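So that you can see what the record holds, here are the features copied from TrEMBL:
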type	residues	note
REPEAT	61-102	repeat 'WD'
REPEAT	103-144	repeat 'WD'
REPEAT	145-186	repeat 'WD'
REPEAT	187-228	repeat 'WD'
REPEAT	411-451	repeat 'WD'
REPEAT	492-526	repeat 'WD'
REPEAT	587-628	repeat 'WD'
REPEAT	629-670	repeat 'WD'
REPEAT	671-703	repeat 'WD'
DOMAIN	805-907	domain 'Small-subunit processome Utp12'
Amino acid sequence: MGLTKQYLRYVASAVFGVIGSQKGNIVFVTLRGEKGRYVAVPACEHVFIWDLRKGEKILILQGLKQEVTCLCPSPDGLHLAVGYEDGSIRIFSLLSGEGNVTFNGHKAAITTLKYDQLGGRLASGSKDTDVIVWDVINESGLYRLKGHKDAITQALFLREKNLLVTSGKDTMVKWWDLDTQHCFKTMVGHRTEVWGLVLVSEEKRLITGASDSELRVWDIAYLQEIEDLEEPDPKKIKGSSPGVQDTLEAEDGTFEMDEAPEDRILSCRKAGSIMREGRDRVVNLAVEKTGRILACHGTDSVLELFCILSKEEIKKKMDKKMKKARKKAKLHSCKGEEEDPEVNVEMSLQDEIQRVTNIKTSAKIKSFDLIHSPQGELKAVFLLQNNLVELYSLNPSLPTPQPVRTSRITIGGHRSDVRTLSFSSDNIAVLSAAADSIKIWNRSTLQCIRTMTCEYALCSFFVPGDRQVVIGTKTGKLQLYDLASGNLLETIDAHDGALWSMSLSPDQRGFVTGGADKSVKFWDFELVKDENSTQKRLSVKQTRTLQLDEDVLCVSYSPNQKLLAVSLLDCTVKIFYVDTLKFFLSLYGHKLPVICMDISYDGALIATGSADRNVKIWGLDFGDCHKSLFAHDDSVMYLQFVPKSHLFFTAGKDHKIKQWDADKFEHIQTLEGHHQEIWCLAVSPSGDYVVSSSHDKSLRLWERTREPLILEEEREMEREAEYEESVAKEDQPAVPGETQGDSYFTGKKTIETVKAAERIMEAIELYREETAKMKEHTAICKAAGKEVPLPTNPILMAYGSISPSAYVLEIFKGIRSSELEESLLVLPFSYVPDILKLFNEFIQLGSDVELICRCLFFLLRIHFGQITSNQMLVPVIEKLRETTISKVSQVRDVIGFNMAGLDYLKRECEAKSEVMFFADATSHLEEKKRKRKKREKLILTLT
């Protein structure tokens, strides 16, 4: 079959215009050894790393499709964990910018990510109410913690103990013992959702933020420590006797449900509350790394800072209070008394946690991050609601610290949604305009080259010559700007209502505007004398007006300038002759108003897009409807023909851009990428580029490639993508003894795990075939009495003529560590006996003992019943037991030997350099660097 018509594929080229997305959180990251200079922000599906000092984007961590919802840098500063909307987690290296590790376990968006102190484990909480702890080094899941009844809001590891504390929207705070993976304590002292949670004062205090204006403070007492103390007094104070404990808690109005009193690990008592100034819910609550500064904010633009005093500072404070109280008591007491009166000073929570100051930002705060520099300066970086990043710094040790805004990132995007886009005639400049500003972008570098303030823009175009632009606004004004200087040349009151649409005349001498005041006005360009200078400047003058019965939503000239199409609020499109303004045709058939339309380059077709989700293609000669297409799942917002063709693009509120063929009425391709409603798009005059803008604040550039697009293949790919999505939504495989839907393992079935299982099955089948061939071959050789050449399997040849069993091992090694268990879980049992026999071979050879043991133990765990009841497998299991134990002990010995060797080397190095190794050596080096910098500064000032 020959190709009937060839189309060229458009692909996503870049995302720009977004500084930071609202769904995720902003974090400081360490790059090139510098702290407090670089921040990572979510930008739709990507993560942008911004340099705060220069205001430049220096690295993009490329995402796939889903929006980023959570970020967490690793303690060593080398990696960044990124959580996505679909529940997947990727770990990126900040050195290379590549995401090497992927964890799939959650069914819904990730809400919190936290590393433990060493960075070896990662806890993730999600909207699916589960918490999963992942092993980052082995790249696999450890366990899933189920217990919360609503989305998780925060999860924290304790430094000293193997415990995890989590909070959720179900008003609960749960304590988990990670040795046994069970919840040993649930705190139910909150009446509303717990939005934030921090540990302070060397983990002896827990502070929680809920939907009211108080931050609740809880004292944590670890019971092992209480029992270790020999004096009986502290026991009573800490309330370890259950009776005292319960009465105390009942008085506080907080109750605790303890699963079993005998296995209590710690006790939690409410110590009091700190009042916030904000009256709404806590959005974010955080403490910076040293644990000294506590910060929180609500749904407004104020960040409140508190200082947590150390024991020494509290002691000093109490001594001062005591002195004052004694002085007072002395004054009040009778003059005749000799001895000091008894003075009692109560220590309140307000003495230990002091309010420092508030930081007021320029817009609502979405998220923030803090960093304390060694010089004592506190830096706070904010991601704001209006697509903006701001950095403030202050010195909290001063009596009245004043926050100072040190930098902000604004140029890379608009504060509000972009409502209109235009291309210049040379395809190089792109204009985007929003409610308060116009930006001109260079299409090839994606840099913003001009920013001009304007009123609420609705439509725009470049004046022929590309030196000026015209903007139509919501108040009905025309604004004319000069691009070279960035100045507003003129503002003209064109319409009484919103100016919805403009169309440049094909002879390029004027344009037409349509507004909500039910009129269409014709304008001509003219040169007028400028009062301020001798040169003439561009201006516009109105020539004619066409009055109509309804609001005008869209206007468009036909290419020969004979006809003008006008879309009205009564759902029709009226077509008039341009010269006489006489009525020619009425196109009716849409159920809701026509929001957008365009006429093809030859003037033969007009395509209209409406709020009723349909696109209709009409002939311009008789006004007959050629075809009605159900285009989008929501309103069609924009429609434009590709120049010199009958192909057109539509953009919808369903987040999609679609390309159509107006001759064949075919849907060609869908461009997916935006995460919110698309407001407008612009096709470049050459047809090679498309730019679109959306409610997610991003602008996207799409590029035409030279790759031909075949419709049958495109539909096949769409069906495959649908199947792959449905695989993840299917029921997860259940292990015998578990109820369906009750997932014990950390992974989840995805298309990758299904493919990995298929690869194992194919490898085993190949192994079976090859062993059968080998047997046949030996029999043939025996019968012939001489060596007959054996044909080699091409797959094995591709792997370097390896043996079939070695090929199976290669396949196992090729499966991602995070997907291994889930792949083995979907593997049919008929393959397991062969796998066990092969594993025995591998372990005897000592190849990849750790990997093979991990697979072996997992298979034994899930197929225990079937394996033990199968008589054929008893000898195999016996052999495996012997070989595994001996080989594992060998591996352990090797690791032990290596550890001892490293210890010895460390001692040798220490003896030579007389410095403590690793940790101290780095701080020593930093100290040296600091001194050197100081010296250099001194020299510079002297010179």
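Every residue, even glycine, has its Cβ placed from backbone N, Cα and C.
Bear in mind that TrEMBL entries carry predicted annotations, made automatically and left uncurated.
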Which sequence-distant residues neighbour the repeat 'WD' (145-186)? Criterion: at least 6 residues beyond either end, Cβ under 8 Å. 108, 111-112, 114-117, 121, 123-127, 129-133, 192-199, 203, 206, 208, 210, 222, 256-260, 263-266, 268
Which residue counts does DSSP give the repeat 'WD' (61-102) for helix, strand and coil? 0 helix, 23 strand, 19 coil
Counting only residues 6 or more past its boundaries, what in the same chain has a CB within less than 8 Å of a CB in the repeat 'WD' (103-144)? 69-72, 74-76, 79, 81, 83-91, 150-157, 159, 164, 166, 168, 170, 176, 178, 181, 743-748, 750, 752-753, 816-822
Per the Cβ filter (under 8 Å) with a sequence gap of at least 6 from its ends, the repeat 'WD' (587-628) is approached by 553-554, 556-560, 562-563, 565, 567-575, 634-641, 643-646, 648, 650, 652, 660, 662, 665
Mind checking how the repeat 'WD' (145-186) divides into helix, strand and coil residues in DSSP? 0 helix, 23 strand, 19 coil
Taking a Cβ cut-off under 8 Å, which residues six or more beyond the ends of the repeat 'WD' (61-102) line up next to it in the same chain? 21, 23-31, 35, 40-49, 108-115, 117-119, 122, 124, 126, 128, 134, 136, 139, 672-673, 675, 748, 816, 818
In the repeat 'WD' (187-228), how many residues does DSSP put in helix, strand and coil? 6 helix, 20 strand, 16 coil
The repeat 'WD' (145-186): mean pLDDT? 93
